[in-house]
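Take a look at the structure below.
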């Protein structure tokens with residue numbers, strides 16, 4: 001099996017290998033990596049398919065997990081597919097991992113399995129006390145393609161559920177975060193059904209996550225996703241938070257991107273920044 005998240009490598013060594021030239025872009029990237037290096041010593045490369053934003057975020061969340069998030073503990077968590085399918089017939093068009101033409105019942109059973117797997121893996125990894133063993137458990141999980149891709153399906157379904165909640169909240173005059181308006185202001189996703197058909201169904205196959213979907217992922221996981229966007233170095237978007245007004249009690253995961261398409265993972269916080 002190839003590991004979806006490569007072993008760690010010194011961040012400046014990686015930068016020197018990737019950005020040798022003297023073009024303005026190379027100079028900016030090097031400056032960006034230097035800034036990240038003040039906080040993190042190493043980088044782990046994430047496999048570059050269209051799942052990489054989900055992969056990098058989930059890997060970081062599990063690597064740091066010390067408890068099961070409250071939304072994963074709720075009784076009706078695994079009933080989500082059944083409950084949503086009973087209200088929204090169009091969810092039958094959900095595209096499961098490369099297997100088309102399923103019957104209605106199968107969809108809800110299969111997604112339920114993915115959600116159960118997500119809860120089980122999160123629980124097991126969060127209970128491991130030793131950082132080294134925790135890391136080994138994460139590496140092992142991200143070597144198992146069958147399980148890994150099942151977890152991404154679970155995340156995508158949670159994103160759909162979150163989108164439906166936000167859409168309904170807005171329709172009923174409740175306050176919603178700004179990104180929710182932007183999400184549904186797109187011609188291709190003016191409602192959750194379109195979001196599913198034109199965006200979520202394609203994630204991992206023909207497209208990755210767009211910026212506004214990074215907000216949706218953050219809300220679905222109730223995590224703040226902090227991203228060093230290297231090509232934005234020396235602007236106020238260099239470090240971007242999804243969401244930009246995070247809840248106080250949400251844990252934070254950190255990613256690095258050179259182009260808002262592919263994400264890698266910074267690891268090993270430098271000692272002084274941990275204090």
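Using the three backbone atoms N, Cα and C, a Cβ is placed for every residue, glycine included.
Listed in TrEMBL:
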type	residues	note
ACT_SITE	49	active site
ACT_SITE	52	active site, nucleophile
ACT_SITE	262	active site
SITE	237	site 'Linear diubiquitin binding'
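With residue 262 (active site) as the anchor, the candidate recorded positions are 49, 52, 237, and the one with the nearest CA is 52.
Ranking the recorded positions 49, 237 by the number of CB atoms within 10 A of their own CB puts 49 at the top. The Cβ of residue 52 (active site, nucleophile) lies under 8 Å from the Cβ of 46, 208, 262, 263, each of which sits 6+ residues away along the same chain. If you take the Cα of residue 49 (active site) and the Cα of residue 237 (site 'Linear diubiquitin binding'), they are about 25 angstrom apart, rounded to a whole number. Of all Cβ atoms in the shown protein chains, 18 besides its own fall within 10 Å of the Cβ of residue 262 (active site).
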